[in-house]
Amino acid sequence: MQTLALSVIKSDQPEKWQEILSDLITDPKELLADLKLDTTANPLAALAAKGLAQFPLKVPRPFAARMEPGNWDDPLLRQVWPSSLEDVESDSLSLDPLQETHFNKTPGLLQKYHGRVLLTAAPHCAVHCRYCFRRHFDYAANTPGRREWSESIAYISENPDISEVILSGGDPLAAGDSYLAWLLAEVDRIPHVETIRIHSRLPIVIPQRVTAQLCSMLSELRSKSVFITHCNHPQEIDGEVQAALKAIRHAGSTLLNQAVLLKGVNNYADSLIKLSTTLFQSDVLPYYLHLPDRVTGTGHFIVNESEALKLMASVRSHLPGYLVPQLVREDPGNNSKTRLA
Ligand code: SF4
């Protein structure tokens with residue numbers, strides 16, 4: 001298994017991921033043609049005019065290659081396809097359901113919880129997940145350049161109770177290695193920062209992003225590093241993804257997964273069970289299963305709490321406790337996530 005992991009991090013094409021990132025599928029017609037999907041037979045084929053204008057299609061080719069041709073119900077396709085259901089309006093949805101603008105202390109820095117801050121390390125992602133809770137986030141106001149980060153770095157330095165810094169986004173790994181190395185070093189040199197946590201979907205959608213340089217950056221950190229992958233379905237994990245995840249683990253990071261419970265994608269006990277076991281085979285422990293946030297454009301993904309609790313009872317009856325993620329909901333203003341029984 002070690003050989004498999006090293007074959008990724010020893011790639012002789014360290015910038016391959018950037019080529020993939022600059023050649024995403026952005027035209028719905030191309031995705032339909034690649035997957036040989038019949039547009040006459042399925043109501044999902046109708047596109048979301050508003051949704052697509054607000055949040056364009058972005059699909060990395062290695063991720064599309066894991067979709068099943070001809071299947072409108074493919075769980076990976078469902079996560080990225082901008083169907084007209086996005087344009088259905090509802091009073092229970094909002095642009096900023098977590099009220100993140102209230103926690104935006106300095107450009108690029110959010111503080112929702114005691115002792116932790118989140119940096120929007122990159123304003124973009126490799127994939128546009130249609131359920132994204134930050135699809136309406138004001139990245140324009142939260143994309144500091146190296147000089148502008150000084151305000152946020154000073155905020156962390158002046159608050160000795162901040163022991164954990166989270167790099168999020170967007171996707172922090174959408175940034176290049178030299179910028180990432182610089183930002184990590186700025187944070188790592190603050191003596192009271194004990195843990196640096198990175199949230200990323202890139203090792204899942206473009207596993208080539210896990211370069212030797214990235215792994216050495218992680219292994220050289222003074223702070224403990226925690227890497228949270230975002231993977232929702234076992235079909236997202238193929239041999240290359242598994243090798244990339246093992247390489248991150250090999251670099252010394254604690255590796256956990258955060259999934260979102262999504263109607264039509266993974267709201268089935270067998271999918272959730274297989275997700276946990278496949279993650280574990282890839283050296284990743286399931287951590288959170290989030291109920292989706294009520295974001296405008298994402299109502300068709302929402303699974304209600306009673307269905308979620310039934311699913312979790314089934315998952316729990318099939319898995320050892322350490323493979324059962326915690327079902328959580330985020331309520332704005334609370335000092336932690338709300339754990340559901
Ligand atoms: S990778 Fe994360 S932040 Fe980016 S679109 Fe997907 S859910 Fe949103």
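Just so you know, glycine gets a Cβ as well, placed from its N, Cα and C.
These features come from TrEMBL:
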- 111-334: domain 'Radical SAM core' (DOMAIN)
- Cys125, Cys129, Cys132: [4Fe-4S] cluster binding site (BINDING)
- Lys337: N6-(pyridoxal phosphate)lysine (MOD_RES)
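Sequence features annotated in TrEMBL and their locations in the structure.
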{"residue": "Cys125", "record": "[4Fe-4S] cluster binding site", "CB count, 10 Å": "23"}
{"residue": "Cys129", "record": "[4Fe-4S] cluster binding site", "CB count, 10 Å": "21"}
{"residue": "Cys132", "record": "[4Fe-4S] cluster binding site", "CB count, 10 Å": "20"}
{"residue": "Lys337", "record": "N6-(pyridoxal phosphate)lysine", "CB count, 10 Å": "15"}
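Note: the CA-CA distance between the residue listed as 'N6-(pyridoxal phosphate)lysine' and Cys125 ([4Fe-4S] cluster binding site) rounds to 24 Å. Apart from the site residues Cys125, Cys129, Cys132, the chain places the Cβ of Val127, His128, Arg130, Tyr131, Arg134, Arg135, Asp171, Arg201 no farther than 8 Å from the centroid of the site's Cβ atoms, the recorded [4Fe-4S] cluster location.
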